[in-house]
């Protein structure tokens, strides 16, 4: 009985060793080559009409004008026969050229953006107090502070700006209407290479900052800046030329109202207030108003 147990254990060990050797020295399977498939993006037929409806409108206007122009001489010929007297020339009617069709309509019909405003408001409520969003906005504001200190007017009075507190307000900018600016450049696949939108923007959310200001003569002041209202026409561009990017800028100087309060040793400092307001408006005009824009 003992010999039977030893033989079975020995045979089991040999079988286990053979299986391990087979697993160790077996040929590894060759990986299956991945085939990369490049599929072209194709716009929906409704989007094709959205991009090309300007050409259709121009063709329709031209077809409407052509029959009316051909009917006009036929209607005028019997009248001229009745009023023509022998030896006298018919009275010439003043020539009025047809409306020009060479100037295309560069802006389509206005569209509402209520669904976008609702989505942005929902995301704003969920994300405005997250560390990631606040860190990103704080970083952008510090960059603007550094550029503000490099200007000549602010450099004479200000030595440093540090952000004490920031509030994103209680609402997001509202897109009143949006219009697709035409013509739209399409490639061979009817895909747009560039999209430009004209957007009517209005903001009343009350974004504000609390700033500690270091003055040049070794003193410090406190500054409160609140953006009470912004209204204007915005150009939103998505383009692939010369590389894929998007940008936005105002078409003309927007209407911007600031509420600025300054305090220096318990007293207001009107000179600092006027410098900050003028510099903020100058930055918006310099960076975010056409022909200037930020990618």
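Just so it is clear, glycine is given a Cβ too, placed from its N, Cα and C backbone atoms.
Any TrEMBL annotation is an automated prediction that lacks curation.
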Among 3-54, 55-106, TrEMBL lists region 'Disordered' at 55-106
Could you pull the average pLDDT for the domain 'SMP-LTD' (109-295)?
87
